[in-house]
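Annotated features in Swiss-Prot:
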SIGNAL    1-23  signal peptide
SITE      Arg99  site 'Transition state stabilizer'
ACT_SITE  His103  active site, proton acceptor
BINDING   His264  heme b binding site
Amino acid sequence: MLKKILPVLITLAIVHNTPTAWAAEAPKTDSFYLPKSLDLSPLRLHNIESNPYGKDFNYAQQFKTLDLEAVKKDIKTVLTTSQDWWPADYGNYGPFFIRMAWHGAGTYRIYDGRGGADGGQQRFEPLNSWPDNANLDKARRLLWPIKKKYGAKISWGDLMVLTGNVALESMGFKTLGFAGGREDDWQSDLVYWGAGNKMLSDNRDKNGKLPKPLAATQMGLIYVNPEGPNGKPDPVAAAKDIREAFARMAMNDEETVALIAGGHTFGKAHGAASPEKCLGAAPGEAGLEQQGLGWANKCGSGNGKDTITSGLEGAWTTDPTHFTMQYLSNLYKHEWVLTKSPAGAWQWKPKNAANVVPDATDPTKFHPLMMFTTDIALKVDPEYKKITTRFLENPEEFKMAFARAWFKLTHRDMGPAARYLGDEVPKETFIWQDPLPAANYKMIDSADISELKDKILKTGLSDTKLIKTAWASASTFRGTDFRGGDNGARIRLAPQKDWPVNDPAELHSVLAALMEVQNNFNKDRSDGKKVSLSDLIVLGGNAAIEDAAKKAGYSISIPFTPGRTDASQEETDVSSFAVLEPTADGFRNYYDAKRNTLSPIASLIDRANKLELTVPEMTVLIGGLRVLDVNSGGSKAGVLTNTPGQLNNNFFVNLLDMSTKWTKSPKAEGYFDGYDRKTGKLKWTASSVDLVFGSNPELRAVAEVYASDDAKEKFVHDFTKVWEKVMNLDRFDIKNN
């Protein structure tokens, strides 16, 4: 009897444990039950425990032990060793790897610094399943033996970019160089890629505009639709999309043309048949047996001559595995007419097209040339036409433009050159790297530091002003692309000196006083020592916080390492730095409603995320900055203390005090008034950013720790530790050594 029942029970168990059942029973996040709940998950990305190498792992030190030439030699071997499970077009994976590197780096966008090659995010969802990244899962699998061989010494982010470089070099193109230093992420980044979740849906709003911070015009694309906007083969409209998308990825017209023309010199597009009819699920939705691969092709052999990627089909040149000028010459040599690929995608072919392109798998077969709608756009658009014709007439200029644009594409999200590692780093510096001058003087020592702190405090500047200035300077840092920060003292330069959040008039007076201290220290010295303004700004903030702690009864000393230098206005691209302007800074209770799409609270989480803060770090930082009275514009919102300027835990104590009743302020949206429950007397004012630390249960849990009677000293030390962290976020000169 048991033998008869057992198969039935097994069958029932299998039926019960279907993916649908698993999905129904899986744990849910708060937002599933409470859609309006605050999402703090971005701040949990900064918990080091997710890194399997551990908290003491230093990637820069590992990379410095790497034999880069040996890695490049191994990559060259992979390039021309075709694998049966995914054969190489023309016997060379070079073009395939260029696409992999390009698409890894090409997600970068200027407005929030997210995307890019750093972190190796192409390995994770959703990027690994974007239609524009179709089949790049195979490219990374081809590289696995190399990654396996060198392990911790080279990250996926570095390996993918290096492979793209080696591919270009092996096919006859001279690159500008390569810099390592991209540390791998260990989970998907949390990024807003667009309002919808349907692949290839239009990212534009109802007015036809692409909202910030987006750069790609359609969901799941790196840049633009190669068939034309939303699949319509209109070269003029495509040019408009190209210009906007590439500009939002930090590229001007010349760099854009160089990248497209240079990249499309190599390889081919794959559209042997319809993707909808032939391809299986993307990696993120494929079965376990696929082991992270996706787009299984059920048509024909499934690869080689039957490969399907974009649905477009063909090559731009007759020699797809060598660098030539054919892309540009073919663009102008032929009259291009609209046609469709075997998969039904819009593309272009020469009028009276001849079969001149060798087949990728059968050397006895030939095909016509082809172009995308986005290629024809470079000939139709007046400005792009000027550049393409100039490049066609000046091949050496084109080569250099492509080399520079490729280097920028693959390194733009790495931040300053101080993060660059390896022997192939170009000696030339570029304005987009936010260059810093080298220090040509001796650094100050501990005695000098004590002397300077004393002199700063004797300038007559209040602790509040010194702390505000240090925060304004250092908090521009964003860990998304490692830009900003105090190093360079660009807060004294355009555009930062005029940002409303920085209270420009007050800032000017503080900087003037600090520069006087700097000049007095530096002049007529015989020991070769100097101090930079950027060091003084941080030192002034540290001295002021130590003084504020002393006033509250605590003796602290904030560690300080000199070495920052001061950039010039000529080393500062005003338009490039403009995107770093905080239109919301919850740490200073500042919010410009006209220039924000996120709420004040969501903006705080976003800024804390860019500052690489955890939930406790953000919480203690808010509490400390509030009692130190550093709000922008002198606002008293959230200054929940009767002793402003003293570093203590009063913000949390008073926020959680049940003797206060909070009501919405009639004076301004997003602000609240706190009244004494017994007397009805107004005690405090606060913003939504302040009250969320008592309203949200997770934030309140942390706030309760710091409001406790036994946490007064803990609060002071935790605050100063986080302060030190923020002041040093841009000190890559220290981190890499």
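Just so it is clear, glycine is given a Cβ too, placed from its N, Cα and C backbone atoms.
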Cβ contacts within 10 Å for the residue listed as 'active site, proton acceptor', all chains included, total 22
In the three-state DSSP scheme, the residue listed as 'heme b binding site' belongs to coil
As a whole number of Å, the Cα atom of the residue listed as 'active site, proton acceptor' is distant from the Cα atom of the residue listed as 'heme b binding site' by 13
For Arg99 (site 'Transition state stabilizer') and the residue listed as 'heme b binding site', the CA-to-CA distance in whole Å is 10
Row Arg99 (site 'Transition state stabilizer'), column other C-beta within 10 angstroms, all chains, value 24
For His264 (heme b binding site), the nonlocal same-chain Cβ neighbours (under 8 Å, six or more residues apart) come out as Trp316, Tyr327, Phe372, Asp375
